[in-house]
Amino acid sequence: RFRYLLLLLWLLHGTDSFYVPGVAPINFRRNDPVEIKAVKLTSSRTQLPYEYYSLPFCQPGKITYKAENLGEVLRGDRIVNTPFQVSMNVEKTCEVLCNLPNKAVTLTVEQSKLIAERIREDYYVHLIADNLPVATRLEFYSNREEEEKKKEKDVQFEHGYRLGFMDGNKFYLHNHLSFILYYHREDVEESQEPTYRVVRFEVIPQSIKLEDLKADEKSMCTLPEATGSAPQEIDPTKENQLLFTYSVHWEESDIKWASRWDTYLTMSDVQIHWFSIINSVVVVFFLSGILSMIIIRTLRKDIANYNKEDDIEDTMEESGWKLVHGDVFRPPQYPMILSSLLGSGIQLFCMILIVIFVAMLGMLSPSSRGALMTTACFLFMFMGVFGGFFAGRLYRTLKGHRWKKGAFCTATLYPGVVFGICFVLNCFIWGKHSSGAVPFPTMVALLCMWFGISLPLVYLGYYFGFRKQPYDNPVRTNQIPRQIPEQRWYMNKFVGILMAGILPFGAMFIELFFIFSAIWENQFYYLFGFLFLVFIILVVSCSQISIVMVYFQLCQDYRWWWRTFLVSGGSAFYVMIYAIFYFVNKLDIVEFIPSLLYFGYTALMVLSFWLLTGTIGFYAAYMFVRKIYAAVKID
């Protein structure tokens, strides 16, 4: 027992640090080269990443691309070497980047047009040094008192650096980069040479006109005084001449290697998170308490009434949910499609639960790029066993016989829709020559994973699920279905969806804002502890709402299978509304293809979310229905 306690303490302690498995610190000695690589260009206005050399930047003698994992390819990262020569703890005041000393780079009209276009679209350049992304420091005064203003500035970091800026209708390119690298000196014995580790990578981009950058034969240059220099304009109608230059400055830092990512991950809104979590927990448990009390009291009353045998004449007149006992377990229409969707929902549920839990333990830190995406893809494939098992068992319970067709449907219905939408969107991204387009070999690899891993596993799970004893329904189904009375207006499916979606959506919408910002505005998301709590709250609230809705429905109508699945996923409707609100209010997207990408990927998120919440609600309602009908005596 003591051993397990120690292990648990170690795991909890490990959630704060970023010693990620597979990512070891690199020790540099003085003068050791520190390689600076480029990742991609991104813009939240177009949502189309481009690789670094899609623009006419200075190139090294030999361009080599880093071998990438699945997640990096899907994100549009194309990590490549650059000609920046940076050595550990060696200062550089100003150096010309391209190989030709003091000879200006000439941009053709086409290249100038392209650079101006990218500046207009608000593109950022992302570089990395020792796997640490570059950041631009933003300093501003917060709304504090006047006296404090003079003393303290708030510092925030922007990921990457802006390619350039606009002033009126003129375009200016950031052609000089001042790198500021921070190192942490490691403790070594006196006789040994000191070793350093890179702990922060900042850049100050500047635009300096060719005439103001005085370059000599040795590729050295002198920077002008800050006040007197003019920026480097890019005129898209003619050829432009300019110099690409950079400087390097090193500073010692107290930040340890293990916490070097904290700068990038410090969200300025942790209080908002705690506030929203506490708010959600209070609301959900308050409502849960009320709902549980009402349902339990009503059920006890119902069951006590139904089980009274004193007055036989009264018992003949059945009312409420006991009335439909002979039809409540009558198989619905399209049982194969229902069980297939629920199988995919189980697959998603297992994948999301494991991914969030593993990420919460600090194993999917942003320093291992693309790890989250890769893990999610592989887990979805392997969770096919569980999806198939639950789908097969439910299909047998619903009196289905064609198990092979059912298994094929489970393995292809939801993944097929996802693949179809992604393929269509990918064609548009290909047309734009963006690095966000999934290359053809990767697409073939994904198809092989789908048909080579996921499909056989779903079949395996389905086979065992179908062979297993079906779920035990406590009451027999009558031969002749009973007539359904005319429904009241509030029993309408759409009204049910609106009512059922509010509580789960209210419990998670603040977290949704941060997730959207991470996806669409190139932020890092690393609050998986919060996300795990929100996920649990979501499961609890979906289950409760589903039980309440099915209880009200069974008092009039026995056709609850499909309806529960649809209504429990009601929060997905609110997620869709929120996504439209976010697009209109927060994003600055105007063009057709970025809008199409946004709504295409959002449709996939909404569909997945509906499957997930619908499945949670369905299984909660199914367990509830079996429990209440097992508690009443039926002749």
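Each Cβ is built from the backbone N, Cα and C atoms, and glycine gets one as well.
Here is what TrEMBL says about this protein:
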SIGNAL    1-17  signal peptide
TRANSMEM  274-296  transmembrane segment
TRANSMEM  340-364  transmembrane segment
TRANSMEM  370-395  transmembrane segment
TRANSMEM  407-431  transmembrane segment
TRANSMEM  443-466  transmembrane segment
TRANSMEM  494-520  transmembrane segment
TRANSMEM  526-552  transmembrane segment
TRANSMEM  564-584  transmembrane segment
TRANSMEM  596-625  transmembrane segment
Distant-in-sequence neighbours of the transmembrane segment (564-584), which means Cβ under 8 A and at least six residues beyond its ends: 338, 341-342, 493, 496-505, 508-509, 512-513, 516, 520, 538, 542, 545-546, 549-550, 553, 595, 598-599, 602, 605-607, 609-618, 620-622
Top Cβ-contact partner of the transmembrane segment (407-431) among 340-364, 494-520, 596-625 (pairs under 8 Å): 596-625
Most Cβ pairs under 8 Å with the transmembrane segment (370-395), selected from 340-364, 443-466, 526-552: 443-466
